[in-house]
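Okay, so here's the structure we're looking at.
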Amino acid sequence: MQKNILVLGAGAWGTALALQLAYRGHNVRINSWKAEHNEQMLKDNNNHKYLPSIEKFPSRLKAIQDWQANISEFDNILVATPSSGFKNTILELKEYILPQQNIISATKGFCHDSYALLSEIAEDILPTTKFALLTGPSFAKELANQLPTAVVVASKDIAYARYVQELFSNENFRCYTTTDIIGAQVGGAVKNVLAITAGIAAGMEFGVNAHAALITRGLAEIKKLGLKLGANSETFIGLSCLGDLLLTCSDNQSRNRRFGLYLGQGMTIQQALKEVNNVVEGYFTAKAVYNLAKKHNVEMPLVFATYRILYEAADPRDIVKELMTRQLKNEN
């Protein structure tokens, strides 16, 4: 099934997904919210700013500037903006989207002002539009270079999830489906916070024992919050949570882990953000998760500790001592 797809968001991840759709045989148009970035992609037929390893776009992928005037050409819209821009993108789409068009989101995080799930934002603004989330352990560079990758498509509408699954899947990119859109979102968002935590620990040279403990206890924290928000327990041992958590906490391709690494090595917040020189979703998500956990009375020691380092100038070494000397408990 050949489709025409609009991709809003031309960072590394949006571009990698646009490439995957083009490799799959679809006609794809990609748009950046920065006019000069669009002009560069149109002129050079690549996105060297975010994916320098891809010399030229395939013939089915092109940049587009005025997507609003051409909205009727597209069957589906893929939103791949940072979480900070998600709500405004959906609000703009409301003015142009047609009844037969539906949305796929590749954005991970929570709404920055209300701390709502992004699916809740989309459903509130576009209540009759089908919505699916694509998430899981996937670095953009590897997907763009057609290395084997497996992800999850989550939607309340299983038929739409299967449609999106078929849209993307080929011999290099395998999509599974789930109707647990809450669990898939919570896992994909909170793991970015814990990747910062893992980076801090690595920067302080705490070793692999600490790394393993952090991932395991971090997974328990994600699960506690997810269950409180209405997720299914089994989702958290799948690709959208455990898979993504393992990947993002363990490899420096992750901007969140690199950011934490710089903090652990002694940089200030601003120095570390400047060094990463790209969006660090976990920095913003930490505030959302902290407030959600407090609202729902969910204990998340690692997330709270990371929040204190990021927003209350707590010393990481003092935080580690506090974590290790907390009241002793049963694991479960």
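Note that Cβ sites are derived from N, Cα and C of the backbone, with glycine treated the same way.
Here Swiss-Prot flags LYS191 as active site, proton acceptor. For the recorded site, LYS191 (active site, proton acceptor), the DSSP three-state label reads helix. A 10 Å cutoff on Cβ-Cβ distances gives LYS191 (active site, proton acceptor) a total of 32 other Cβ atoms nearby, all chains included.
Among the features that Swiss-Prot reports, NADPH binding site is placed at TRP13, LYS34, LYS108, ALA140, ARG255, VAL279, GLU281, with the record citing sequence analysis. LYS108 (NADPH binding site) is surrounded by 27 other CB atoms, counting those within 10 A of its CB over all protein chains shown. Secondary structure from DSSP puts LYS108 (NADPH binding site) in coil.
Taken from Swiss-Prot, the feature sn-glycerol 3-phosphate binding site applies to LYS108, GLY136, SER138, LYS191, ASP244, SER254, ARG255, ASN256. The C-beta environment of ASP244 (sn-glycerol 3-phosphate binding site), restricted to residues of the same chain at least 6 apart in sequence and closer than 8 Å, consists of THR135, GLY136, PRO137, SER138, GLY187, GLY188, LYS191. A helical conformation is recorded for ASP244 (sn-glycerol 3-phosphate binding site) in the three-state DSSP classification.
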Most Cβ neighbours within 10 Å: which of the binding-site residues LYS34, ARG255 is it?
ARG255
According to DSSP, which of helix, strand or coil covers SER138 (sn-glycerol 3-phosphate binding site)?
coil
Over all shown protein chains, what is the count of other CB atoms within 10 A of the CB belonging to SER138 (sn-glycerol 3-phosphate binding site)?
23
Grab the NADPH binding residues from the record (TRP13, LYS34, LYS108, ALA140, ARG255, VAL279, GLU281) and give me their largest CA-CA distance in Å.
21
Going along the chain, which residues six or more apart from VAL279 (NADPH binding site) have their CB under 8 A from its CB?
GLY11, PRO82, SER84, ARG255
Would you mind pulling the longest C-alpha to C-alpha span across LYS108, GLY136, SER138, LYS191, ASP244, SER254, ARG255, ASN256, which the record has binding sn-glycerol 3-phosphate, in angstrom?
16
